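Engineer: My structure is below; once you've seen it, I'll send some questions.
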Amino acid sequence: MEDPRCAPLLLLLLLPLLLTPPAGDAAVITGACDKDSQCGGGMCCAVSIWVKSIRICTPMGQVGDSCHPLTRKVPFWGRRMHHTCPCLPGLACLRTSFNRFICLARK
């Protein structure tokens with residue numbers, strides 16, 4: 001390894017080891033939950049849009065927000081299967097077109 005041409009090759013081989021974080025570092029997900037009771041008022045524990053195996057505290061639907069008609073009321077003691085929470089009290093999840101539901105004032 002005394003050949004000066006080997007230095008760039010050695011650096012290239014060692015660079016991934018130098019840039020890799022130590023094992024044990026992990027992403028911290030804020031707002032992670034297992035059930036509604038772990039979330040604050042006006043929120044529910046819904047499936048993450050990005051990682052389906054994770055549930056996060058999500059705001060309940062306001063007027064005009066997309067919703068799912070089968071989303072259970074808060075608090076729900078089981079595990080939610082949708083990424084949306086139910087609409088806020090006084091609102092209903094109503095169909096606006098073939099495959100679209102939004103939170104609207106109850107009549």
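Even glycines carry a Cβ here, placed using N, Cα and C.
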Engineer: Identify the disulfide partner of Cys87 as annotated in Swiss-Prot; candidates are Cys85, Cys103.
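Structural biologist: So the cysteine paired with Cys87 in Swiss-Prot is Cys103.
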Engineer: Name the cysteine that pairs with Cys45 in a disulphide bond per Swiss-Prot, restricting the answer to Cys33, Cys67.
Structural biologist: Cys33
Engineer: Taking Swiss-Prot as the reference, Cys85 is linked by a disulphide to which residue in Cys39, Cys44, Cys57?
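Structural biologist: Answer per the record: Cys44.
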Engineer: DSSP on Cys57 (disulfide bond), three-state: which is it?
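Structural biologist: Strand, per DSSP.
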Engineer: Validating a neighbour-count step here. Other CB atoms within 10 A of the CB of Cys85 (disulfide bond): how many?
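Structural biologist: There are 28 such Cβ atoms around Cys85 (disulfide bond).
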Engineer: Nearest of the disulfide-bonded residues to Cys103 (disulfide bond) by CA-CA distance, picking from Cys33, Cys39, Cys45, Cys67, Cys85?
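Structural biologist: Checked the disulfide-bonded residues Cys33, Cys39, Cys45, Cys67, Cys85; minimum Cα distance to Cys103 (disulfide bond) goes to Cys67.
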